[in-house]
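Feature list (source: Swiss-Prot):
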| type | residues | note |
| --- | --- | --- |
| ACT_SITE | D11 | active site |
| BINDING | D11, D143 | Mg(2+) 1 binding site |
| ACT_SITE | E71 | active site |
| BINDING | E71 | Mg(2+) 2 binding site |
| ACT_SITE | D143 | active site |
Amino acid sequence: MSATVRILGIDPGSRVTGFGVIDVRGRDHFYVASGCIKTPADAPLADRIAVIVRHIGEVVTVYKPQQAAVEQVFVNVNPASTLMLGQARGAALAALVSHKLPVSEYTALQVKQAVVGKGKAAKEQVQHMVVQMLGLSGTPQPDAADGLAVALTHALRNHGLAAKLNPSGMQVKRGRFQ
């Protein structure tokens, strides 16, 4: 029987940070928990960052993941938004590393590709596939679904069939190794 690995996925945001916790046993994925960390929109940025760090620390303490995965920042049209997102992501990374968790990072494109099968998938498609893959009875909030999708991406890339068939870590694209 395969050992169980618990993975925490984080979708960082300065207003809402989504998280998802899954267990992976062999090729099977099991839902553990998910939720959203909401920060007060009118609070100073430093206070919002503190909320993110504190709540991610609580999630780690309660659910005891062995690995973590965080979605990378994409460059937005608005530089100020990109900077705020980067700071929220930094807070998430700091919280995870302070708990001695190994952290992997994935782009939004990689997450959508892993979960939906195409990198240009809509948020609703990601939510739908998260529900299907984890056998959920309801649809999680969008940010929580994104956190679960990040955790699933990590599981699929590191614990699933793809990792077993491709132990070198090389990417397969259009039938070729790159």
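Any Cβ shown, glycine's included, is placed from N, Cα and C.
Here the structure is a predicted model, which means the values were calculated and not measured.
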| remark: A correct count of other C-beta atoms within 10 Å of the C-beta of D11 (active site) gives 28
| field | Rounded Cα-Cα span from D11 (active site) to D143 (Mg(2+) 1 binding site), Å | value | 7
| Under 8 Å by Cβ from E71 (active site), counting only residues of that chain that are 6 or more apart | G9, I10, D11, P12, R89, E105, Y106, T107, A108, V111, D146, V150
